[in-house]
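Per Swiss-Prot, the feature substrate binding site maps to K156, L157, K158, K259, D309, I310, D311. Annotation comment: Swiss-Prot describes D183, E211, D237 as Mg(2+) binding site, evidence class similarity to another entry.
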Amino acid sequence: MQIKFWPQDLKLAHTWTIASSVTSGSDVTSVGIVQLTDRDGTVGLGEAAPARRYNESTPGSLDFIAKVDATKLSFDNIEASMKYVESLASGQFAAKSAINVALLDGAARKAGKPIYDLLGLGFRNNHHVTSFSIGIDKADVIRKKVLAAEQYPVLKLKVGAADDKANLAALREAAPQKWVRVDANEGWKTKEHALEMIEWLAQDKFIQYIEQPMPADSNPKDIAWLKARSPLPLFGDESYHTAKDVDHCAECYHGVNVKLCKTGGISNAYEALQVARKAGLKTMIGCMIETSILISAAAHLAELCDYLDIDGNLLTTNDPYLGVTAEKGLLSFASAPEKLGLRVRAK
């Protein structure tokens, strides 16, 4: 097996700001691309989309990948390959995700199947709907963003800043009755303030749920207190990394948001979704700012999800890959350039 890897800068259509970084909005982000090639010429693609929230970076991810001995990786034995990768260092979930996705891409190609069939899940084109994210911004910019996102039936509004009420009002001026999911990104610091904001949001009958209302390291009793009183469902994002977090999240939330960059890849995300479902939690799969490699990888798990928020590639202007599409928010592989593996190809 040979491995190649490189950084890829992604330009954002709008400056991206969320509650955990309200002072440092960005208009460019960087991801790491991984390409594995075996002796038969089978290629597997992967992507690392690290988050500063988890003390990871693209340079750090690529440094980790540089330490991987590709001769110890095999499309024919993903479990052993990942056991080796895990042994190299703790953490580094984004980098491990890139390798896991590339391994599954290659394995599915060799099996003559797309990944969703390799996993036994299948995929229904034009059935799953992704939300489209609106970052924290000035009210007039929010209005313009919402109008530009007219084709998407569901929006996700980032909150947790001083202008939350003005921003929701601006969204509603442009889209009075569109379904909205609200993501506080740990922005409400006390249970009382969080409940006050959620009760205000619940007056809007077209809001579906609230994501990560309080910091993940809050006292679990405070989050459970909030869950018991919240008029809207609560989803844990920063609180749910892997399947090991399920007991805590079952006490504190109604659902969880799984991301490949948090779990360490498709294999662990599959487990995290299955375990959450068995615990009675609603499930969603989310993303960071990513190319179509990682967005498509997440889409292969759609059949395990109640909700999807995989729009990271739609927020960029220079996605270098083609894969799953989201016309009018409906996910589809019907026009994907590849039939096997991730069903992704470079433009």
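Yeah, the Cβs are placed from backbone N, Cα and C, and that goes for glycine too.
Each residue in K156, R181, V182, A184, N185, I210, Q212, F235, E238, N257, G286 lies on the same chain as D183, E211, D237 and has a C-beta within 8 Å of the C-beta centroid of that Mg(2+) site, without being one of the site residues.
Listed in sequence order, the binding-site residues from K156, L157, K158, K259, D309, D311 having a Cα within 10 Å of the Cα of D237 (Mg(2+) binding site) are K259. Here D183 (Mg(2+) binding site) is compared against the binding-site residues L157, K259, D309, I310, and the shortest C-alpha distance is to L157. Taking a C-beta cut-off of under 8 Å and a sequence gap of six or more, D309 (substrate binding site) has these contacts in its own chain: T130, S131, S133, K156, R181, N257, M284, I285, G286, C287.
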